[in-house]
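Visitor: According to TrEMBL, the record shows the following:
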type	residues	note
BINDING	95-100, 147-150, 182-191, ASP217	FMN binding site
BINDING	ARG307, THR543, SER603, ARG604, LYS609, ILE610, TYR611, VAL612, GLN613, ASP646	NADP(+) binding site
BINDING	ARG463, TYR464, TYR465, SER466, THR481, ALA482, VAL483, TYR487, GLY497, VAL498, ALA499, THR500, TRP684	FAD binding site
DOMAIN	89-233	domain 'Flavodoxin-like'
DOMAIN	288-529	domain 'FAD-binding FR-type'
Amino acid sequence: MASEQPPIDGVAAAAAAAVAAGGDEPFLGLLDIALLAVLIGGAAFYFLRSRKKEEEPARSYSIQPTTVSTTTATDNSFIKKLKTSGRSLVVFYGSQTGTGEEFAGRLAKEGIRYRLKGMVADPEECDMEELLQLKDIENSLAVFCLATYGEGDPTDNAMEFYEWITNGDVDLTGLNYAVFGLGNKTYEHYNKVAIYVDKRLEELGANRVFELGLGDDDANIEDDFITWKDRFWPAVCDHFGIEGSGEEVLIRQYRLLEQPDVQPDRIYSGEIARLHSMQNQRPPFDAKNPFLAPIRVNRELHKGGGRSCMHIELNIEGSKMRYDAGDHVAMYPINDKSLVEKLGQLCKADLDTVFSLINTDTDSSKKHPFPCPTTYRTALTHYLEITAIPRTHILKELAEYCTDESEKQMLRSMASLTPEGKEKYQSWIQDACRNVVHILEDIKSCKPPLDHVCELLPRLQPRYYSISSSAKLHPTDVHVTAVLVEYKTPTGRVNKGVATTYLKHKQPKDGAEEVKVPVFIRKSQFRLPTKPETPIIMVGPGTGLAPFRGFIQERQHLRDEGKTVGESVLYFGCRKRSEDYIYEAELEEWAKKGTLTLKTAFSRDQAKKIYVQHLLEQDADLIWDVIGEKKGHFYICGDAKNMAVDVRNILTKILSTKGNMSEADAVQYLKKMEAQKRYSADVWS
C-alpha cells in the first residue's frame, strides 16, 4: 500500500503560522515566505511524483525481484539491448502455456555455439516496429516461436504483433527471420499463426533464412522441435558464413544465491507476482493477480463406476470479476506434497532453504525463473511443473550428474537425434509417463543439485475449465465440472492430475475455515446467439456438457421472464445412465419444461456401443432444419481428437446431402458458419 502523504498546501499553512508567531520584524518577509512555500511545494510535488513512478510496477512478463525494479518504460527497446550487449540474435515467443517461451530460451542459449549471442523477447513487452532497424546489426536474425491458440488465434502476448503485421504495410527488407510453430493436429486450425506469420514476413520483404518448422503437440512436439533445430543451425551458419564451435557446452542460465538472512515477510510463499498478494487481495484480478475464491460446494456427480466427477461452486463475490456463459475459469493448483518431499529426498536437499535463482544474463528482463526469494518447498509446490514429462534438454543436463557411466549414456542417448535414442525416449519417457521424480528414482546414480532441477523444470501453469453456470442466475458464483484424473502407468505407478487431485481435497465444512483456491476469469468466443430466438444445437458428451449447462440455465431464465427463446437441442453421451449421467435431474427437468430437446447416448448400456455421433447421423433432417433453414448456431465441446473430428465430418456430410451441395461447398459453408460465429468449438485433446 502507498503511504499516506501530507497535503501540499500544509507547507504554506505552516509558513504562514511561522510569520504570525514571529513578531513585527520576521526573519523572512511575506514575499520571501511565499517564494519559499512555492519552492518547497514544487520540490514536494516532484518528490511525490517520482515516488509514484517508482511504485508503479513496470510492465513486464517476468517476475521481478522483491527489491525495487530499475526497469523503465524505455526498456522495451530490444534493439538497444542487442547493441549494448553485443548480440545479434533475438528469439520472440508467443506462448500460452510456457512451451513456446521454453523453446525460445533454448534457441537463444544455443546461439553462443554459433557465434550468435542471443536474447529471448516477449513481443508484448517490445516495440516491434524496431524490426525495421534489426538489419543495421551485423549478422542479425529474428526467430519467432509462435503457438496457435483457441480457434486459430495468436496467444495473448503475441496478439498486438500479429495485428501489426496483418494490418500494417511496413517494409521489412533486410530482416533475416525464421519461424517455428507450436500447434496440435487434432485442432481445425493447425499452426495457423506460425504459417501466416512466416508467409506474411516474406510478403513484407523479409528474408527467410530457414524453412518454417511445425510442431505437433498431439504427437511429439519435442522431437519436431529438435529435428527442426538440428537443420536450422547449419542453415544459419551457411547464410552468415560462420562456423559452429563444435561440441555443445552446457551453460547454467541462473546462478544460485542462498539467503538464510532474508526477513520472513520478504519471502514468496506461493504468490504469482506481487508479494503478499494472497494476504492483501486487491482488484483487478487476472493471471498475475488471482482471486482467492472460497469453495461453497464440492460434490460428487457420478453415481458409480469407479470414476469421479466433481461439481464445484466458487464464490467470486466482491472480486469485481464478471463472466458470461461459455467463458473459462482458470485455477492455480499446487503439487502433491508427497511428490515434493520425494524430490527433495532424491536431491538430498533441505526443502526449507531460502534461495534465489538469478539470471546470469544481466540484460534480460526475466531476472528469476519464478518469484524469488523463496524456499525449495514453495518452488516445488507452487511454481514448478514436477509431474510434466521432461523434454530432451532436461535429460541432457541431468546426465552430467550420473556417476554410473551406463546411466549417463542412456540419458544422453534419449536426448540425442539418433533413431535409437528417439525410440528410447518415446518408450522409456513418454509411453511410460515418467516425470522427473520417476527418472531420479530409476536412474539411481543421478543426484543433481535441487537448484539446477528448479532451473530446468517448466513453470506450473494454471488449469482452465469451461464455466458450467450462467451469470444471469449465478452472478457471484462460478460452477466447475471436472473429472478426477488418475491412471496407472506401464511402470506400475499411479499418476494423478495436479489440479483435480488438488480440488478433490478442497472440501468445505460447516463451521470450519473457508477453503479457497486462486482463480481468474478468461473471456471466450464461445457465446450464445445475441438473439434468444435463434435455435441452437449443442454436442457435449461427458464434461463437454459444462458450458451448455450455463447456456440452458440462461435460456430457461429468459423463458421464465416471458421472453421468446429458440429451440435448444442437446446431444449428451456417457458410458452408463446409472453411473455417469451427470446433471441428470436438471436436464430431464429442462426437457419436461420444453426449454430443451434432449438426445442421449449411453455407450455401454447395450451390446453395440452408441455415441453422440450416431445420434447426429440419424437426425440429419433436424440438423439441416436448424442450421440450414433457420440459420441456427452449432456448438461442440469435449474431445478434440476423435469426437470433434467425427462431428465435423458428419456435419459436412449432412450439409452436402440435405443442402444439395458438393463436398467442397459443404466445407466452405462450414467455414462461413465459423466466420459468422455460428459454428463454435471448445475442445481439448
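Don't overthink the numbers, they just go from 1 along the chain as shown.
Glycine too: its Cβ is placed from the backbone N, Cα and C atoms.
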Visitor: Quick one: of the binding-site residues SER95, ASN184, TYR190, which has its CA closest to the CA of TRP684 (FAD binding site)?
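Guide: In terms of Cα distance, TRP684 (FAD binding site) lies closest to ASN184.
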Visitor: Going by a 10 angstroms cut-off between Cβ atoms, which of the binding-site residues ALA147, VAL483, ALA499 has the sparsest surroundings?
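Guide: If we count Cβ atoms within 10 Å for the binding-site residues ALA147, VAL483, ALA499, the smallest count is at VAL483.
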Visitor: What's the most sparsely packed of the binding-site residues ARG307, ARG463, counting other C-beta atoms within 10 A?
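Guide: Among the binding-site residues ARG307, ARG463, the lowest count of other Cβ atoms within 10 Å belongs to ARG307.
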Visitor: Could you check which of the binding-site residues (VAL483, GLY497, LYS609) sits closest to GLY98 (FMN binding site), going Cα to Cα?
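Guide: If we rank VAL483, GLY497, LYS609 by Cα distance to GLY98 (FMN binding site), first place goes to GLY497.
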Visitor: Looking at the binding-site residues TYR465, TRP684, which sits with the largest number of other Cβ atoms within 10 Å of its Cβ?
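Guide: Selected residue: TYR465.
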Visitor: Give me the count of other Cβ atoms within 10 A of the Cβ belonging to TYR187 (FMN binding site).
Guide: 24
Visitor: Using C-alpha atoms only, work out the spacing between ARG307 (NADP(+) binding site) and VAL483 (FAD binding site) and round it to an integer in Å.
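Guide: Per the Cα atoms, ARG307 (NADP(+) binding site) and VAL483 (FAD binding site) stand 8 Å apart.
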Visitor: Looking at NADP(+) and its recorded binding residues ARG307, THR543, SER603, ARG604, LYS609, ILE610, TYR611, VAL612, GLN613, ASP646, figure out the farthest C-alpha pair and report it in angstrom, whole number.
Guide: 25
Visitor: Counting only residues 6+ apart in the same chain, whose Cβ is under 8 Å from the Cβ of TYR190 (FMN binding site)?
Guide: THR148, GLY183, ASN184, LEU214, ASP216
Visitor: Averaged over the whole of the domain 'Flavodoxin-like' (89-233), what is the pLDDT?
Guide: 95
Visitor: Tell me which residues of the chain lie with their Cβ under 8 angstroms from that of SER603 (NADP(+) binding site), as long as they are six or more apart in sequence?
Guide: GLY573, CYS574, ARG575, LYS609, ILE610, TYR611
